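Listed in TrEMBL for this protein:
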type    : residues                     : note
BINDING : K111, Q174, G206, D237, K380 : UTP binding site
BINDING : H207                         : substrate binding site
Amino acid sequence: MAQFQEVMRQQLESAMHAELEKLVGTAKGAKAEVSKKDFEGFRKLFHRFLQVKGPSVEWSKINRPPEDSIQPYDKIKAKGLPDYIADSLNKLVVVKLNGGLGTSMGCKGPKSLISVRNENTFLDLTVQQIEHLNKTYNADVPLVLMNSFNTDEDTKKILQKYTHHRVKIHTFNQSRYPRINKESLLPVAKDMAMTGENADVWYPPGHGDIYASFNNSGLLEQLIAEGKEYIFVSNIDNLGATVDLYILNHLVSQPNGKRCEFIMEVTDKTRADVKGGTLIQYDGKLRLLEIAQVPKAHVDEFKSVTKFKIFNTNNLWISLSAIKRLQEQNAMDMEIIVNPKTLDGGLNVIQLETAVGAAIKCFDNALGINVPRSRFLPVKTTSDLLLVMSNLYSLDAGSLTMSERREFPTTPHVKLGSSFTKVQEYLTRFESIPDMLELDHLTVSGDVTFGKHVSLKGTVIIIANHGDRIDIPAGSMLENKIVSGNLRILDH
């Protein structure tokens, strides 16, 4: 049986190899070279995919991480800062993951170009933050954007507007991998074109691809030559992911033999975060455990807030020389995420992906730091957008911080219904963003609009039934109210 399976695997690999060769043959010049490098990575991933049997973790071998492997942020902060912060900053590069589109929020083009606050986009805020650092400390922290073939062209056009800012901006592209037919396990693409019938046969293979594509681009080598030592990687839509000088100081002040090569910022899990990846001890190494790796029988246990208390924010600090070493040794080992999709024509395909944090087990002296929740402020939906556009946050030099006028530091729970999903629709429903300083919980469902200067406090639930419309009048103050159907206002 094992011998038969091995023969089948070899046949599948040969067939895949032949198909990839055919595809590369349809590309020309420099594009053919890029595709060759991309496909080399894909081939390795496909080879590993065929080897994998069952879940990638044995549940009984999972242990809680040792006490000292996840440090509280306060302990890192207590060390203080050196006199010359510029020396540390000059060793740093900020990398933002910029491969995603704004489609889930009803927007065309890169998600990073959506306006989130005072007409500033995610990218504007990022540039402002880094420019502020460079000016304040007379430092040279560059910004690197990891684009995908979906976002590269539009992003490059917009970068011209930052030419006179005090930030050097570099870009490199994630790989382009072929989606594979779920039945035949062969690429759906017939040539390297990206339009027409080939429009949806390619995909960017998850942010775990950063290591290979960064290395392939030549940028990794260039930055090392410029004296850079660490990258701070985060999702561009996480507005809490600013450069933290205390974490940076912790990294650069380690003795040489004990240099920490990888820091993952984690934060305490709430019921809203039950699907987030967590850190475990496995085979003597710190390791990221994602929900996709958990055997079905243990999913509820994984989601428990009592057993797994923290989750990965995807704010990561990684040594450049360690990435180079692991790439050269072909030792970057990340679990494969098999992502099933259905194309428009109904064809079932799979795409093989990896996650950047999964490589933590490959690096020496890796560490988790339990950071305040304020460092995790992702904008995935218009509900998140409402929070960051409101007076709950104040904006200073590109950074959002919770307003001092809010008496407790927790973020309100906001749930806007399907009429608010798309950014354009959402914007037309608010004449101005309500005062939310004293809000705990907001649920809005159905055809609802808000007049100017509305104030929301405590728990507010507004539900317009199908066919009804609710207009919250200008200047209204709703505190612990349920508003339903025909705008009756009831005490809650």
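Heads up, the Cβ atoms here are built off N, Cα and C, so glycines get one too.
Positions of TrEMBL features highlighted on the structure.
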{"residue": "K111", "record": "UTP binding site", "Cβ within 10 Å": "24"}
{"residue": "Q174", "record": "UTP binding site", "Cβ within 10 Å": "27"}
{"residue": "G206", "record": "UTP binding site", "Cβ within 10 Å": "23"}
{"residue": "H207", "record": "substrate binding site", "Cβ within 10 Å": "23"}
{"residue": "D237", "record": "UTP binding site", "Cβ within 10 Å": "22"}
{"residue": "K380", "record": "UTP binding site", "Cβ within 10 Å": "14"}
Round to the nearest Å and give the CA-to-CA distance linking D237 (UTP binding site) with the residue listed as 'substrate binding site'. 14
Distance, K111 (UTP binding site) to the residue listed as 'substrate binding site' (CA atoms, angstrom): 15
